[in-house]
Amino acid sequence: MDTWEDDRVDQRACLICGDRATGLHYGIISCEGCKGFFKRSICNKRVYRCSRDKNCVMSRKQRNRCQYCRLLKCLQMGMNRKAIREDGMPGGRNKSIGPVQISDEEVERIMSGQEFEEEANTSWSNNGDSDHSSPGNAVSESNQPSPVSTPSSSRSMELNGFSSLRDQYLGTPGPTHYQYLPHLFSFSAHPTIIPAQSRSLDPQSHTLINQLLTAEDIEPLNTPMLIEDGYKVTQSELFALLCRLADELLFRQITWVKKLPFFCDLSIKDYTCLLSTTWQELILLSSITTYSKQIFGDLTDVTSKYSPSEDELHRFSEDGMEVMERLIYLFRKFSQLKVSNEEYVCMKAINFLNQDIQGISSASQVEQLNKRYWYVCQDFTEYRYPHQPNRFPDLMMCLPEVRYIAGKLVNVPLEQLPLLFKAFLHSCKTIVTKE
């Protein structure tokens, strides 16, 4: 397996400048030049300046013209600075899968040098070099992706959900201080990844994808979601329906795990640990892909027959608002990408195989399995979509958002879930209608 994966790396382009990649460095596929530049910048605590608009084109020929924009793109693409030891010695500590997502505020602190000043007052002995780590898992050390800051007004979208519902039932304008469309999927206005040439799909990728497709249950959901015309759904009835739906989706994820092609490779203890940590994320992924027709069709019709009270609207929490806006953006992103079944099953396996979860006894084996499907997904996207060079990074950057949303959902009071899903589904229906 390692030989095949190493061969696949040789065909990759550096995600920073488009030069030929030499391997997985600090969590992402990159060339030796960008690997060394990032390491020197972090170890030497460099603070750069851009003489233009902080949006310089990064390419093999132009990457040395602006060090500020080069380091900025390293951070935006997910290079993990915490995987570098200040003494430059090897021996990685923070092995993770997929790029590390950090907030705008944290990026700004690094670029301005403030982060280095703060770290100077703390111990640096825990840092380690991860040149040989697999692609990073887009989670922080606490196993939760970093929150994504709100974008500038020029990149925000009008939310058609909660604010319009509030206006409808209260007759007053909704709050205007919320910003939507987190920026985390937009890396640069200038794509720099070299488009893949037309080629065939690797036979091993084809086999592994077919195995995942076979494990997926694509049968329609059994939970009844049909309501007579004119019937008014109460909050408790909608909540009970959401619970039944969640139960069925969870049962399907348990069945899915038992059908995975690598089920015999891990212990029951590790599977239990992985599933107990990722089940909400798996349900979310399957809801916006495999079962989206029923979720955004039948369930939307049910929620439309539920009218929240004035008190429910007033008591809707900040956590509920944040979860809703992120759900809307995730739905829009999946709709724009038109995520295929093959990509979905790979993303689901990658998300499930998170070796950073505490309590796993075979973390290295989980990591190798994760790397396998990381390469399979990249191989497939480059084969199926050769003219969309940024597609694979876009897909992978959806995963930290899925994890963040799932983690935030537990903070939303149970009694607010009916309103949350009504507003979310109403907004998504509006988005689909406009598009």
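First residue shown is number 1, and so on along the chain.
Backbone N, Cα and C define each Cβ position, glycine as well.
Given the ranges 14-34, 224-244, 413-433, the record in Swiss-Prot names 14-34 as zinc finger. Swiss-Prot assigns the feature zinc finger to one of the listed ranges (50-69, 170-189, 190-209), namely 50-69.
Averaged across the domain 'NR LBD' (204-435), pLDDT for the predicted model comes to 90.
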